[in-house]
Each structure stands twice: as structure tokens, then as C-alpha cells.
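Q: As annotated by Swiss-Prot, GTP binding site applies to 11, 69, 138, 142, 143, 144, 204, 226, with the evidence given as similarity to another entry. If you look up Swiss-Prot, you'll see 69 marked as Mg(2+) binding site, on the strength of similarity to another entry. Feature annotation from Swiss-Prot assigns compositional bias 'Acidic residues' to 429-446. For 426-446, the entry in Swiss-Prot reads region 'Disordered'.
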């Protein structure tokens, strides 16, 4: 079986992760003690992707939980599904990273990283054929960003041929938690560009907007936001866990979505987004799902896909529906909005269909798009970064942990390179591509 090892780090990562396990347990009919109480063989058929079966018939998540302070871990442990995790897989320090990337990456985090890697190794050895890792973290804090990227680079060294998927919560434009978020995020992106295979970009503000506008929640809590994220996370891997007509896995996803290795930051969306009360009154159709899924208001990060072009996209449908109809709808979207797709990648929308819908819905879909408009997010963070960095504001917190200003300069230029790469492919046309090839050929002849 193609197992996925789940790692959650920092306060944000642990809260998203806890919500995600609630959703996955529910889909597989596993109760908070790890016993199976479901009613369908399909739930058990590939339960191994995310669970290890213990000797007494209990299912234990393949999850590693880490943090540099015990607080969030305690609340996960006392939460609804706290008892299902393997107690040894909680790895935590006492000091906290204090929203300081350098503490997470170089000092406090570096002291804890070996015990985390031990647990990761143990879990990986329990796998039959490990497909890859999924990491939940935020990029604005200290632990999720600093220690999270440290762990990603260590895992990359040890398991170079396994997929590395991250769910990364970027700092929001208007909702700021700490003043040094731009520093932490830029230093993290510098790592993610090099070491991760696929990054699903999330952002609190976009999630707030969805809750507020679409779900009509007047005061959304982090619980509501995390619920949206976990629905998407579950959708990304549903093809691995349930039988379907068109399957996809992490590697197929990467092959279909990443035209150039550095451009692996995706926007995600989920449909149907209906408020909790009104769900049961509406039957959904594939066209409605498709329309909502491609809607800019549905994107879970603060970038507008209408300001850029899609290099590639992937749509994962769940529920009983005709594959033919799905294909027709996808072609339809591409024909109607052809200006929003780059013309030099033909057939750049992949779709997959999984037969089992999420709890409480007849059908649902998850959208993953590789759009050049994601550069808006990087641009925004970069501007905030530069505003502080050119005055060397708050730098002593980082240099005091042994960092060098050079690292900041490198991270900044790497992020700006990323932005210009996205811009370059946004502006590229098919004719230019041919022209460049001819030039290269002439150069080779000389």
C-alpha cells in the first residue's frame, strides 16, 4: 500500500492536523479510541494509507506531532481524537520558539530535531511502501516555519526519492499575528523552493473571507478555518484511500501540475461550500461543482487567479458521477476561459474521480491550481520583508541566534527570482517558445 506519513509542527500545524485527523477518522469509520465502527468494506480497504493497524485491532494514525512548547500538544491530547495518536509520537520541547525562525531552525529546533527524526524513521519503517510525507505548518511563526523547514530538509536528505507535500499557511495581508512574519515567511519559502515537491498555499485571510462571504458565518473561529483546510486535505488524498475511476496519487499530481521544478506552489479550493445549516437541502450537479470550484472567491489563499494564468490545474471529484460529464465540464471550462490558461501547455487540466463522497455530501470536488497569480502573495511578503530589512529592524533577534545577514539577502533574492519566474511564464506565448528553441539550436551549431 502507498502510505503517507503525516507530520504536523507548531501551533498552527497541530491545530490544522488535529482537525484533519477528525475528518479522516470520520471518513474511515474509526472512533476516537481507534476502533473501527464503520459500515462499509470500502472504508477498510485502503485504511493503511494513513493508519497503522496495531496488534489489538486498533488503528493508529501515521502521524508525528512536534512543537517547541507543550501547550498545543496538550490541547490536541485532550481534544476529541487525542487518545488515538501513538503517545511516543508527541515530540515537544519546553522553551518555545517565540515566533523566531532562527530559534526553530538553528537553536531550539536543532536540539529537538533528532528525536523527531527518530520517530519519523520508526514510522517510515512501519510502512510497506512509503509514498511520501505531508507536512502541516505555518510560515509566520517560529516552530512551524523554522523547525518545519529544518525537518523537511533533513527528510529530503534521508528519503530523497519520496514525495514531500506541504500544507503551508502564509501570513495574511491584513491579519497579522506578529511583526516579524515577513522575515519568517521569506526564510521559509527559500527552503520550500529547494526542498519540497508540492506546496499547497493557504492563508488565513482568504479562509476568513470564504467563511464570511460564502458560509455566512458572522464570527469565524480558527476551528471553522481549519475545517475548510481539512476538507481540502482529505480531498487531495481521497483517490489513494478509496476506489475510483480515475485515480491519482502524490506523484501523479506532481507530474501533472509542475512544469518547472521551482514552480510548485499551488492554490487550492473546495466545493461545495455551503453553510452548515443549508447543506442537506441542495442536490448538486457536476456543472455547479465545476463552476464553484473555479470561482476566484473559492481560493484558499489571497491571490486572484484572474490576475494571472493557469500553467496547470487538477480537479478531484468525489461521489457517484459520470466520468464523461466531468471531462466535458473540464473541457468546457478551458474553452470558455482560454485566456486564463497558458496556450503552450496543451491539455493542462487533469481530473480524477473517486466514488466515495465526504460525509454529509452527495458529491464534492477539490481544486488544485498552479497559477502564476500566486506571485501576488510572494510579492506582498517580499515588500513587507524589504521594508523592514533595509532598516535592519528586528534583525538582532535572528543574528543573536547565530544567523548571518547574508542568509536574509539570499532568501530575499530567491523569493524575488521566484516572482520573476512566475511573471516570465505568465507573459510567455507559444511563438516565443519556438523562437527561443531556434536560437538555442543556432547557438549549438556554432
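Using the three backbone atoms N, Cα and C, a Cβ is placed for every residue, glycine included.
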Q: Can you check what DSSP calls residue 138 (GTP binding site), collapsed to helix, strand or coil?
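A: The residue in question, residue 138 (GTP binding site), is strand (DSSP, three-state).
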Q: Determine, from DSSP, whether residue 69 (GTP binding site) sits in helix, strand or coil.
A: coil
Q: Give the residue from the binding-site residues 142, 144 that has the most other Cβ atoms within 10 Å of its Cβ, counting over every protein chain displayed.
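A: Per the Cβ count, the most surrounded site is 144.
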Q: State the count of C-beta atoms found within 10 angstroms of the C-beta of residue 143 (GTP binding site), not counting that atom itself.
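A: So the Cβ neighbour count for residue 143 (GTP binding site) comes to 34.
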Q: Counting across all protein chains present, how many other Cβ atoms fall within 10 Å of the Cβ of residue 11 (GTP binding site)?
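A: Counting Cβ neighbours of residue 11 (GTP binding site) within 10 Å gives 24.
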Q: Among the binding-site residues 138, 204, 226, point out the residue whose Cβ has the most other Cβ atoms within 10 Å, with all shown protein chains included in the count.
A: 138
Q: Does anything in the same chain, at least 6 positions from residue 69 (GTP binding site), have a Cβ under 8 Å from its Cβ, and if so what?
A: 92, 93, 94, 95, 96, 97, 143
Q: Mind computing the max CA-CA distance among 11, 69, 138, 142, 143, 144, 204, 226, which the record assigns to GTP binding, rounded to whole Å?
A: 23
